[in-house]
Amino acid sequence: MEAKWLLFFTMAALMAVANGQESVKPLVKIVKGKKLCDKGWECKGWSQFCCNQTISDYFQTYQFENLFAKRNTPVAHAVGFWDYHSFITAAAQYQPHGFGTTGGKLQSMKEVAAFLGHVGSKTSCGYGVATGGPLAWGLCYNKEMSPSKLYCDDYYKYTYPCTPGVSYHGRGALPIYWNYNYGETGDALKVDLLNHPEYIENNATLAFQAAIWRWMTPAKKHQPSAHDVFVGNWKPTKNDTLAKRVPGFGATMNVLYGDQVCGQGDVDTMNNIISHYLYYLDLMGVGREEAGPHEVLTCEEQKPFTVSPPSASSSSS
């Protein structure tokens, strides 16, 4: 079923782009006084968010190519794997839920830049003197190249048991590590990633889909998602305020990485993610000045939402 869904949306996305489609006029209906829209393949299912501009209205193939300019150079490690069609096809499932469609055009563009800023940072092979600069090398990888272990945690042997001989090393746009994360993601996407984690490195649409699902989904109960803290859906509690957690890009790092990045002061891992976000804002024509003040942009003083389990100390959990 999942394969048929991906095939349908891939074909629809390819046809739309091939036909030069820039904007689809939405179908509109009013339900209980609320305006709901359906915009066809890219934003389907009667949603208030589909009444807004969709991602392909403001973020197109040439912009994707600008952001990830070096991903297909011969020295990159995933040549020919990542492309705009895969991203926009994956995003289609989440746009009715507000991914890239929350608020006005500026807010939507900032969210796409923020999400892709994380992706670019986590898949980059850029370095200081790399051609084009260190920020031009996002989507260089689609998997961890030389995993040092299988990333199997037996604590989860009853819920997400490891498949013998299978390695759960990092794969994807926001790399997935550990059997329990592959199991949880697979359950959500209705794909057997626990037995076949390699599906992520074999299908760019699925890899983007897994990353957007992670962006849109709280890691734990009573916690916000990265989407929620970025677009303003999350209202900090008194405890959050005391922990210096505020809505914005910095909080997305806190949600996604917790103590691996946040609450450690001015560290390189955090600054690299921020740098990609600012770079992408510039390339998308938004401008880094729209990123907000320092305390919104960073998480250097934020108390982490989560503390990593011992098993995850060497990688993104």
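Placement of Cβ uses the backbone N, Cα and C atoms for every residue, glycine included.
On a predicted model such as this, the values are computed, not experimentally measured, just so you know.
Pulled from TrEMBL:
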type: SIGNAL; residues: 1-20; note: signal peptide
type: DOMAIN; residues: 63-289; note: domain 'Glycoside hydrolase family 19 catalytic'
type: DISULFID; residues: C152-C162; note: disulfide bond
type: DISULFID; residues: C262-C299; note: disulfide bond
Task: Least surrounded among the disulfide-bonded residues, given as C162, C262, C299, when other CB atoms within 10 Å are counted - done: C162
Open item on the list: In whole Å, how far does the CA atom of C162 (disulfide bond) lie from that of C299 (disulfide bond)?
Closed with: 34
Open item on the list: I'd like the Cβ neighbour count for C152 (disulfide bond), meaning other Cβ atoms within 10 Å of its Cβ, all protein chains included.
Closed with: 19
